[in-house]
Amino acid sequence: MSRHEGVSCDACLKGNFRGRRYKCLICYDYDLCASCYESGATTTRHTTDHPMQCILTRVDFDLYYGGEAFSVEQPQSFTCPYCGKMGYTETSLQEHVTSEHAETSTEVICPICAALPGGDPNHVTDDFAAHLTLEHRAPRDLDESSGVRHVRRMFHPGRGLGGPRARRSNMHFTSSSTGGLSSSQSSYSPSNREAMDPIAELLSQLSGVRRSAGGQLNSSGPSASQLQQLQMQLQLERQHAQAARQQLETARNATRRTNTSSVTTTITQSTATTNIANTESSQQTLQNSQFLLTRLNDPKMSETERQSMESERADRSLFVQELLLSTLVREESSSSDEDDRGEMADFGAMGCVDIMPLDVALENLNLKESNKGNEPPPPPL
């Protein structure tokens, strides 16, 4: 295993990269490759001051630590997630955290869980000292039953770290009366190492498979519940979306109705105003054209009607002419009589006797006789 399978660099986004892997113990699920770590890659949540745990592949671990002898008391190196100091074993890391960071309650990621095969690489805890005491106790404090647990936590070459941990050559497995496995220390020898490598690797693989299966079983329950929750959320979101769509449709229909009603009212108002304007304009045109070409609209008359109309017009014109002439003649005669009377007055003023015409004299006589006959007789004396 020369690659970090299933891991990608969060800076350059390279997946299944080779070489060293640096995992941040403060940021959740943040990994860097060697080049990005050495170049000082940072983000808004990750800085260069964050403690990083180095994880090696199997090839790099054999290259760096091949041929070295380590006992069970000297596992691989870990980094303190609080102060960033490196080179701790499980025992020394627990002692360091208990003595130096007992009162610290910051949420950090366990470096041991991140390095174990099948462990949770993003296990966050706010009581790191209690987590180390419960989950990562030293091998000398373990009994036979916990020895099996320690074998399950044995180093896997594909996820090793920069420091040494219990080597496979130092682990001897013998069958006990109860059928369990027990570990004992022995002196280092290449022949023993080569002989025990396949068995240790097989056991480590079996432990990793068991742990992964247990993790899958443990995660199957919450995954099913999470799926149910997601389905419920999707149903609720769909219901909300349908309600929102219905509200939008009703609002659109209402706006359309109001628009159509307003359009109809405006149309009726415009038609009424246009009709009123047309009637007013027609009346104005009729008033203006009362004496202009009115006869064009008259119906056509027959020949007899036309002759009768012309004769009536001729009679009217003659009557008007005679009336005008008579008025003019009367004015002239009256003016001439006045002139004659004035002359007679002037003649009488000169002492001359007025000569009465004959007819006038006769009329005066007749009037006098008639008056005498009509007078009543005088009363008797």
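Each residue, glycine too, has its Cβ placed from N, Cα and C.
The Zn(2+) 1 binding site annotation in Swiss-Prot covers CYS9, CYS12, CYS33, CYS36. Its Cβ placed at the centre, CYS9 (Zn(2+) 1 binding site) has 21 other Cβ atoms within 10 Å.
If you look up Swiss-Prot, you'll see CYS24, CYS27, HIS46, HIS50 marked as Zn(2+) 2 binding site. Look at CYS27 (Zn(2+) 2 binding site): DSSP puts it in coil. For CYS27 (Zn(2+) 2 binding site), the same-chain residues lying six or more positions away in sequence with a CB closer than 8 A to its CB are ARG45, HIS46, HIS50.
If you look up Swiss-Prot, you'll see 175-191 marked as compositional bias 'Low complexity'.
Per Swiss-Prot, coiled coil is recorded for 225-257, and the stated evidence type is sequence analysis.
Residues or ranges marked as compositional bias 'Basic and acidic residues' by Swiss-Prot: 297-314. Counting residues of the compositional bias 'Basic and acidic residues' (297-314) by DSSP class, helix then strand then coil, yields 13 helix, 0 strand, 5 coil.
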Surrounding CB atoms that lie within 10 Å of the CB of CYS24 (Zn(2+) 2 binding site), all protein chains: 24
Binding-site residues listed as CYS12, CYS33, CYS36, least Cβ neighbours within 10 Å: CYS12
Euclidean distance between Cα atoms of CYS24 (Zn(2+) 2 binding site) and CYS12 (Zn(2+) 1 binding site), Å: 16
Output field, Zn(2+) 2 shell: CB within 8 Å of site CB centroid, site CYS24, CYS27, HIS46, HIS50 dropped: LEU25, ILE26, TYR30, THR43, ARG45, THR47, MET52
Rounded to the nearest Å - Cα separation of CYS36 (Zn(2+) 1 binding site) and CYS24 (Zn(2+) 2 binding site): 13
Secondary structure of HIS50 (Zn(2+) 2 binding site) (DSSP, helix/strand/coil): coil
Rounded inter-Cα distance in Å - CYS33 (Zn(2+) 1 binding site), CYS24 (Zn(2+) 2 binding site): 11
